[in-house]
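*Asks:* I have a structure here, written as structure tokens, and I will follow up with some questions on it.
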Amino acid sequence: MDRKRIWVLSNGALLAIFLGHMTAGLEVPLDPKVLEGLPQPPTITHQSPKDFIIDPRENIVIHCEAKGKPHPSFSWTRNGTHFDVEKDPKVLMKPSSGTLVIDINGEKAEAYEGVYQCTARNEHGTALSNNIVIRQSRSPLWSKERNEPILVQVGVSLVLQCRPPAGLPPPIIFWMDNNFQRLTQDTRVSQALNGDLYFSNVLVDDTRNDYICYARFPHTQTIQQKQPITVKVLDSSPAEERRPSFMAPLGQSSTQMVLRGGVLELECIAEGLPTPDISWRKESGDLPSGRTSFHNFQKTLKIVDVTEADAGDYRCTAKNSLGAGHHIIKVNVKAAPYWISAPRNLILAPKETGILTCRVGGDPKPTITWSVNGVAIENSPKDVNRKVEDDTVILNDVQTGSSAVYQCNASNEFGYLLANAFVNVLAEPPRILTPPNNVYQVITNRPALLDCASFGSPIPSITWFKDSQTSILSGDPYVIHGNGTLEIHVAQLLNSGKYTCIASNNLGTKENHVYLEVKEPTRILAQPEYKVVQRNRNAVFECKVKHDPTLIPIMTWLKDSGELPDDERFVVETDSLTIRDVTEEDEGTYTCVMNTTLDQDSASAMLTVVEATPTPAIVYEQPDPPTDLELTDQRERSVQLTWTPGDENNSPTEKFLIQYEDLLHQPGVWHNLTKVDGTKTTAHLDLSPYVYYSFRVLALNRVGYSQPSKASRQYRTNPAAPDENPTDVQGVGTEHDNLIISWKELTGLQSNGPGLQYRVNWRQKGVEEEWSSETVANTSKYVLSGTPTFVPYEIKVQAVNDYGSGPEPVPVEGFSGEDLPMSAPESIQVLVQNVTLAEVHWEPVPSSTVRGRLQGYKVRYWRERGLHQGAGAEGRQEEAQALSFSGNRTQGRLPGLQPYSLYTLNIRVVNGKGEGPPSANHNFETPEGVPGPPSFLRVKDPNIDSLTLEWGPPQENNGRLTGYTLRYQLVNNSNDLGPVEEMTLPANETTVTLGNLKYSTRYKFYFNANTIKGPGPAITQEAVTVMDEVLIQQPAVDVGKVRPIGPVFTNVNSSVVGEEGAVISWEYSGPDKNVYVEYIVENSKEEWKKEFVNGSNGSQTYLIKGLKPGTSYRVRVVAKDHSEMTIHSTEELLITLPAMPNKQVDLATQGWFIGLMCAIALLILVLLIVCFIKRNKGGKYPVKEKEDAHQDPEIQPMKEDDGTFGEYSDTEDHKPLKGSRTPSNGTVKRDDSDDSLVDYGEGGDGQFNEDGSFIGQYSGKKEKDTHEGNESSEAPSPVNAMNSFV
């Protein structure tokens, strides 16, 4: 009986569970320190199998190992009588062991066959092994027989019987032909389980004289051969088709028995024409899934791990085009004894009670017998404290010294079970087996298991302490298991610390200390992302990780779950993997794995490599929706949702989005609940009370979201009091005498139950002590009227429903309504900082006149007029500007002022309600500044050496104008500037004429206005003086148009040079130095091509190269100014280049060709002379010379009868090889099949003894042919070849 007590100590917390002594077994620990001096009855630890078939060529080893304290001694029985090991010199027992080694060298193994049993005993009891039946493996010879040829009409059925000799274990049967080729089997011809060969119908092709049955005996590795069977198929009459009938088993029904846990093999072989097809079904149900298979072309049904449910009627059906036949096989399942509950070892303290239970199953029901120390319990000494009830032994009030080993034997006609269970009566004080000061490390939110393994008799009770806390360790977080282990279901950081376990019984107490360290989990914060990278580019995968700082992380990258390639292109850095110059071989899934000693996290991403301009072969689409949603682990506030992912459609699933529908409060509206990683198929969902949930799942990949899955079944949670209060609680007044308390209402999901209301509490801060309260429903605000203006209030809003109130809310501060400020600032002063900036100062107003939350001061200011206009002038008043200065400031800056102007300003107080009255207007002036630029500058009346400038005054004088400044300088052809000329002009003038200028010259002008503060910004202009009177009268030339021919170009001529060039010559006297030769193909619409020419005055020529032969060109010479505008141009010239003549060379007149022909003729002549000399020389050929010089007596002369040459014949070459079997047609045929034993035999076909066994079952070497020299090879054994068939 379990006893549980809780102790509260003054200095610490103790969780105690005292476990009463159970009648379950307790194994004596294997720790050597614990075993020392601790008694233990014998226990069999290793033994040979019950049915032990031995190889007669090897020594017999019968295992028997046992443990105990003291170490047990061993003895054996054979066939029920004592087996004296000492008297047989061939038998050896290993030291400190019961294992027997029997040397059968020179002895027959049959002499040692029998039933053996090992006994292990010490002073505390006796243990027995199973009965071990020793039998020698046997491979008997095939009985001699003579097989008469079998004559059979085509189309009928046929059975060739094998009838192999009975071996131990039974042989493996297969059929082959005389060339050791496996006979082909199919639905028509197949081998039955008993080895016979069945023909559903015979064909003419089945005629042969070498149907041979082979039997392979596994233990001896020998193969026996039956005498060949000859089958001759007669084709004297046509075969008649017939419906199926069964050849095996016979009749319409049969019975078969199988043992539980064994293999059931049912066979149906049918004959018929056409060949029938076989099918199976179970009459009373379906065939067992996962344990059923079909063999031998559906003719054999195989069921493994047979259970009682497999009993019943099995129907096999044979069907062809003419009909069907049926056979019922009734299967009975019996069972050898099997354990339901085997007896377990007991360790009991004196005066305790124990129970040994031996529960077995079997059919027929097994008989159970008990023994004590190897003696039947009815023949053992009587014990009044022991009671036997069929499969149970009850031991009451055990005494010291009553230790023993009990044997339970359960048997029926199909086998037996034997189990040893000791009862060890000990009185031992507690021992703690867990090493002291163990440090356990665990990750947050994972289970923590603190061991306190102990041993003692009586069984010690285990108690746990933690640190020196005053509270008792009890409740949900902690569980103490029966073995003393303390489990914390979900470890948190606060669970870290020192733990003490105490083991105690009536003989003493022992304690041990362990330590728990709870660590932060390892998490990948930035996961690698799916990459599509062009070939020869770089791919970068990021993997940023967070981990506990006390743990050492190890980052590993994998490719397709294996190591990264050993390639310098793969660069692993702290938080990334870079693959340089990617190729198609780099495609795959890359995984970053962050390992610590306690946990790991991993994330994967795919890399796809594409061509630079790829046509995507893979279509990436959204994933298919998940299916099979199921709700498990259902609790009040949580549920487990599982699903089956849909097809990813070539893009890995990144996330799963879980949504819910609240059928009670918002039917038809789906809300996002949570997201989980794309590799997961389960999610733990936290739920709220009073909700009718329905869930669905969407999958997300890089393309987008899938369609939603079908909704799960409805899951309802029970109502409860609210878990939270309204949020965003505020108190704001809209009028000077009210306060509006507002909040964000709870949703139906947050209400947790029916009857949701809001309890509104308020009190004036610092004035009232008691709270005022009002309860409202279906609203998000409450209006409090009659309040003082802008005073603070404390406010609370609490949620309540029919099941209770929410948590106590935290007060927030609010203010009643504001009113407009009552007064304006005074003592305004303005300090002008510069021409565009002024600083204004004022005195703040009293806080009592603000009547609200002071937001700041607003300064409005505007420009009255410019000071140069005079006091009485009517100026346009500019729009007022406003600047706000937040907070309780007393000064501000006014930027962007205009110089030399009169400004006016006033100031107002601003609060949350609005602006107060303005202050009195205050004026201030800004000083003079530099003027703005003149409004315009124009050039008019240009002459050869003069021009006139005209301008307008500045738009902004910014003071009193004192005059203007004009600066100008000439610009030459290379855009270089000449010296600057400067002149000062009065303020009242608007034109000036400049003389003594150079003709046809460009000038640049700079013009600005001045005040007493200095010059303003300048404006610029350019102009060109006229060259002569003709040009003066011509209009300006637009860009891209040619000016009419002027006098600057004269004597323009052209001439053709060669086939691809033309020379242009001219005389030039103009001022512009940018001279170009331009040309274009006649009648072409292309742009003119131009080539630059040094524009010096005088005569010039220019060669145009690269022209096309036989083409006409239009050519001209132009002069351009610095802006690329054409100033002067010649007339267009038309130039036509001559066509290229066709160059043909007479090959016969070339010297190199004549020389080559002469050399070839001379070489032919030399070759003819050499051939003529060789033909007339005569003499012997080298072979004939050797024959004449070396007469060999073995060389035979030429035979007159067959006409062969003796020197090249070899009589030995045509002799047959020894051991070969030459067919009657004189040819040696060798099949290339891998199943042929010719490849493994002795010099060709295998040879057999008279009894049919292989002579070469242990193979030797081939004899060497004299022509093979020293080359040889070792032939493998034919037995090994046969082993490959079965």
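A Cβ is built for glycine as well, from the same backbone N, Cα and C atoms used for every other residue.
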*Asks:* Please identify the range among 708-730, 915-937, 938-960 that TrEMBL labels region 'Disordered'.
*Replies:* 708-730
*Asks:* What is the three-state DSSP composition of the compositional bias 'Polar residues' (708-717), stated as helix, strand and coil residue counts?
*Replies:* 0 helix, 2 strand, 8 coil
*Asks:* With Cβ-Cβ distances below 8 Å as the criterion, list the same-chain residues six or more beyond the ends of the compositional bias 'Polar residues' (708-717) that contact it, or say none.
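*Replies:* That would be 625-627, 629-631, 634, 636-637, 639, 641, 643, 659, 661, 663, 670, 687-698.
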*Asks:* Count, for each of 42-129, 140-230, 430-517, 722-819, the Cβ pairs lying under 8 Å from the domain 'Ig-like' (337-424), and report the range with the highest count.
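*Replies:* Most Cβ pairs under 8 Å with the domain 'Ig-like' (337-424) come from 42-129.
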*Asks:* Between the domain 'Fibronectin type-III' (933-1029) and the domain 'Fibronectin type-III' (625-720), do 3 or more CB pairs sit under 8 angstroms, pairs being 6 or more residues apart?
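*Replies:* No, the domain 'Fibronectin type-III' (625-720) and the domain 'Fibronectin type-III' (933-1029) are not in contact.
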*Asks:* Average pLDDT across the domain 'Ig-like' (521-608)?
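*Replies:* Across the residues of the domain 'Ig-like' (521-608) the model's pLDDT averages 91 on the 0 to 100 scale.
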*Asks:* Under the DSSP assignment, what numbers of helix, strand and coil residues are found in the domain 'Ig-like' (42-129)?
*Replies:* 7 helix, 47 strand, 34 coil
*Asks:* Within the domain 'Ig-like' (430-517), count helix residues (DSSP H, G, I), strand residues (E, B) and coil residues, in that order.
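*Replies:* DSSP composition of the domain 'Ig-like' (430-517): 3 helix, 47 strand, 38 coil.
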